[in-house]
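Structure first, then comments.
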Amino acid sequence: MEKHDGRDAGQIRAGDLKDPWYDELASGWGELDGTGTPTAPAVPAQVAPPERSAADIYLEVQASAAFQEVRRRYRRFVIPAVAAFFTWYVAYVVTATAAPGLMARPVSGAVNVAMVAGLAQFATTFLLTWAYARHARLRRDRAALDLRWTVFEQKREQERKREREQGAEW
Amino acid sequence: MVTGDHQTLALVLFGVFVAVTLAITTYVSRNRQGSAEEFYAGGRLFSPMENGFAIAGDYMSAASFLGISGLIALYGYDGLLYSVGFLVAWLVVLFLVAELVRNCGRFTLADVVAARMRERPVRIAAGTSSVTVSVLYLVAQMVGAGSLVALLLGGTSEAAQAWTVIGVGALMVIYVSMGGMRATTWIQIVKAVLLMAGAIALTVLVLMRFHGDFDQLLRTAADRSGHGEQFLAPGLKYGGDWTARFDFISLGLALVLGTAGLPHILSRFYTVPTARAARRSVVWSIGLIGSFYLMTIVLGFGAAAIVGTDAVRGSNAAGNTAVPLLALDLGGGADSTGGTVLFAVVAAVAFATILAVVAGITLASSASVAHDLYASLRRKHAKQRSEVAVARVAAAGIGAVAIGLGLVARDLNVAFLVGLAFAVAASANLPALLYSLFWRRFTTRGAVWSVYGGLLPALVLVALSPVVSGSAGSLFPGVDFQYFPLENPGLVSIPLGFLAGWFGTVISPDRADAAKHAETEVRSLTGAGAA
C-alpha cells in the first residue's frame, strides 16, 4: 500500500495534494493493514497484584516478552542502518576533502566519481527511508499498538479499583 | 540588472503573499480557545502529508534555494556537498528521533529529556540551549532576508535593508502570536508548495534548454565556469590548506547531526496525532527535500551554463542571485515579459520562504521560553499566568531581539551563522536527547552536563575562532584573540557534548531511576500514554 516511501520521491509534485491516507489518518492508531506479523500475546492483564502503581505497570510491560520483541526488532534495524549510513556519509565527506583527485576520475562523459558518489548518497537516503518505513509498518506497528492498549487497559483497571476501594470506605 | 518592471511586479507578488498569509492567520485563529495544545501543537490533527510539506517548508530556507544553487554556480561540485549533508541528516531524524520524540514529549525538546530526570535543572538547561540555537538560526535568516530582498529589489541602501529586517520581524511576530502553530503550519505548507512549484518550473526549463541531456548541461557548465573539468570535482572551495579541509569536515558533521536537534523541527512532530503519522510525515518531507536538493543541482549547474559563473559573481559575490538571474534568462531575457514575470516569481518565492522559516523558528523558541524557562523559573507564589499568554509575549520579545541582532550582524556571513546554529544543536541538544532515549543509566547530572558541555565549548570556540578576531574578515579585525583555527566548532564540540554527558552520568552520586527509564522506553516505542 504505502508506495510513496521516498523511492518515487522524484514524482512527488507540489500540486499533488491527494494523500491516499488522508482519510485513514483521523483514526490514528486504528489503521492496521492486515499484513502485520502475528505478535506474541501481550502482557496478561489478570495477574495484577493488588497494590500497583503506574510505574509498576511500565516496569512489567518493559519486562514482558512482547515488548522485548518490539525493542529488539527496532534496534536490530536501526543500529546497523545508522552505522552504515553514517560511515558512508563520513567516508564521502572525508574522501571529497582529502582525495579530490580520486573523486575527479571520469566515469562516463562529463560524469565523474564525485558526481556518482553524490547521487548515490541521495539514492541510499531514499532507499533507507523506504526500507525503514516498510520495516516499521510490517514488523513493529501492530505489536506496538497491542502494547499501547495493554498499558491503557491496565491503567484503567487500576483506576477503577481505586474508585471501588474509595467507594467501599464511604 | 533590475528594472522598474521587475520591482513593481515583485512587490505586488510580495504583497499578495503577505495578504494571503495574514488572511490564513486570521481565519485559523477565528475561534481559537487558546489552549497550550492549540498554540504549540496546532491541535495535533494535521495529516502526515500536510505535516511533511510543513517540515519541508520549515527546513528549506532561502539559504538552500538561493544559497546552495549559488554555491554550485560559483564553485561547482563543492556546492553539492552541502546539499548532501542537509539531506542525509534526515535519516538521523527518521531513525532515532521523530517517532520516539512524538511519543514521549508534549511540546518541546526539554519535555523528552526532563521526563526521566529532576525536572527543573534539566528543563532550564535544555530550554536555554534551544533558545540559543533558535536565536542563532533566526538571526541568520533575518540577515539573509535583509540583504536578499534589498538585492532583489535593487535597493541596496542601508535603510532599505533595515526596513526589510524590521518588516519581516513584525510580520513573524503577528503570525506567531496571533495564529500559533496552526497558522504557522499553513504558512509553511503554502510556502513549500510555492517553492517546489517554482523549483520544478525552473528545472524543467533548464533541462528543456539542453534537450534533457544532463551530460551536455555539465559540459557546458564546466566550459563556461572558467575552471573546466575541475568545476565538476570537489576542491574549488574547500580544497585549500588542511585547516580549510578540516573546517569542511566539521561543517559536514554539524549539518548531519544538527538537524535532529533543531527545536523548530522537533516541535513539528507534535502536530500529528501519532508516532506513525510522525514517521510518515518525515517520509514525505525526505521525498520533498531530496527532490528539491536534486533540483538545486540542476539549477546551480544550469546557472553556470546559461548565465555563466562570471556574470553570477559579478551580480553578487556570494552567488545568491544565481537563480533569479537564471530565471530572467530562461524567461526570455531582461527585456521580455517572460523574463520579468519569472524573475518576480522567484523573488516572491524567496521572500515567502524567509517569512515562513522565521515564523517557524519564532514559534519554537517562544515555546521554549514559556513552556521550559518561564514554567521552571517563575517564583512559586507569583501570579499564575497562562503559559500561552507568556508564549505570545515571548514571541514578541524574541522578534525584537532578532530584529536588533539582525541589524547589528548585518555584515556576518549567512552560511556561517546557519552552520553555527547546526553545530550548537548537534553539540548541546542531540547528546542529551539520544542519551535520554537510549541509555538506561543516564542521570540528571549527565543530562545537565551534556547540554552545557556541548553548548559552552561550541560558543567559546566560536569566540576564539578566526570569525571573531585575528583576520581581515573577522567581526573585530583590530584585535587578535584567535586560538582555534576552525570556523565551525562541530568537530570538537559535538564529541565534547557526548563526552560530558557520559562523564556526568558516571560520576553522579544518584543512580538512574529504573521505573522512570521503563516508562520512557515503553512510551517511546509503543506510544502508551502519548499526548
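Note that Cβ sites are derived from N, Cα and C of the backbone, with glycine treated the same way.
Those TrEMBL annotations? Automatic predictions, nothing curated.
Packing against the transmembrane segment (B:6-28) from elsewhere in the chain are residues 152-154, 171, 174-175, 178-179, 182-183, 186-187, 190, 194, 340-341, 343-345, 347-348, 351-352, 355: each is 6 or more residues past its ends and has a CB under 8 Å from a CB in it. According to TrEMBL, the feature transmembrane segment maps to B:6-28 (among others).
Through the fold, the transmembrane segment (B:53-74) approaches residues 46, 80, 82-83, 86, 140-141, 144-145, 148, 185, 187-193, 195-196, 199, 237, 259, 264-265, 268, 271, 281-282, 284-285, 288-289, 292-293, 296-297, 299-301, 303-304, 307, 309, 312-313, 316, 318-324, 326, 349-350, 353-354, 356-357, 360, 414-415, 418 of its own chain, all at least 6 residues removed from its boundaries and within a Cβ separation under 8 Å. According to TrEMBL, the transmembrane segment annotation covers B:53-74 (among others).
For the transmembrane segment (B:122-140), same-chain residues at least 6 beyond its ends with a Cβ under 8 Å from one of its own Cβ atoms are 63, 108-110, 113-114, 261-264, 358, 361-362, 364-365, 368-369, 371-373, 375-377, 398, 401-402, 405-406, 409, 414, 417-418, 420-421, 424-425, 428-429, 432, 444, 447-448, 451-452, 454-455, 459. Taken from TrEMBL, the feature transmembrane segment applies to B:122-140 (among others).
Annotation source TrEMBL lists transmembrane segment at B:160-177 (among others).
Taken from TrEMBL, the feature transmembrane segment applies to B:189-210 (among others). Same-chain residues lying 6+ beyond the ends of the transmembrane segment (B:189-210) with a Cβ under 8 Å from its Cβ atoms: 17, 20-21, 24, 50, 53-54, 56-57, 60, 65, 216-217, 220, 288, 291-292, 295-296, 298-299, 302, 305-306, 323, 326-327, 330, 342, 345-346, 348-349, 352-353, 355-356.
Look at TrEMBL and you will find B:248-270 (among others) tagged as transmembrane segment. Same-chain residues lying 6 or more positions outside the transmembrane segment (B:248-270) and placing a CB less than 8 Å from one of its CB atoms are 40-41, 44, 51, 54-55, 58-59, 81-82, 85-86, 88-90, 92-93, 96-98, 101-102, 105-109, 130, 133-134, 137, 181, 185, 238, 278, 281, 360-361, 363-365, 367-368, 419, 421-426, 428-430, 433, 486, 488-492, 494, 531.
Using a Cβ-Cβ cut-off under 8 Å and counting only residues 6 or more beyond its ends in the same chain, the transmembrane segment (B:282-307) has close neighbours at 48-49, 51-53, 55-56, 59-60, 64-65, 68-74, 76, 79-80, 83-84, 86-87, 90, 93-94, 98, 192, 195-196, 199-200, 202-203, 206-207, 209-210, 214, 217-218, 220-221, 223-225, 231, 322-323, 325-326, 329-330. Residues annotated as transmembrane segment in TrEMBL: B:282-307 (among others).
Annotation source TrEMBL lists transmembrane segment at B:341-367 (among others). Among residues of the same chain six or more beyond the transmembrane segment (B:341-367), those with a C-beta under 8 A of the stretch's C-beta atoms are 6, 9-10, 12-14, 16-18, 21, 40, 57-58, 60-62, 65-66, 107-108, 130-131, 134-135, 137-138, 141-142, 144-145, 148-149, 152-153, 168-169, 171-173, 175-177, 180-181, 184, 187-188, 190-192, 194-195, 198, 202, 263-264, 266-268, 323-324, 327-328, 330-331, 391-392, 394-395, 398-399, 402.
For B:388-408 (among others), the entry in TrEMBL reads transmembrane segment.
As annotated by TrEMBL, transmembrane segment applies to B:414-435 (among others).
Annotation source TrEMBL lists transmembrane segment at B:447-468 (among others).
The transmembrane segment annotation in TrEMBL covers B:488-507 (among others).
Counting Cβ pairs closer than 8 Å to the transmembrane segment (B:488-507), the top stretch among B:160-177, B:388-408, B:414-435 is B:414-435. Away from its own ends, the transmembrane segment (B:414-435) comes close to residues 61, 63, 67, 96-97, 101, 109, 112-113, 125-126, 129-130, 132-133, 136-137, 139-140, 143-144, 147, 250-251, 253-255, 257-263, 318, 442, 446-447, 450-452, 454-455, 457-459, 462, 467, 487-490, 493-494, 496-498, 500-502, 505 of its chain (Cβ-Cβ under 8 Å, at least six residues beyond either end).
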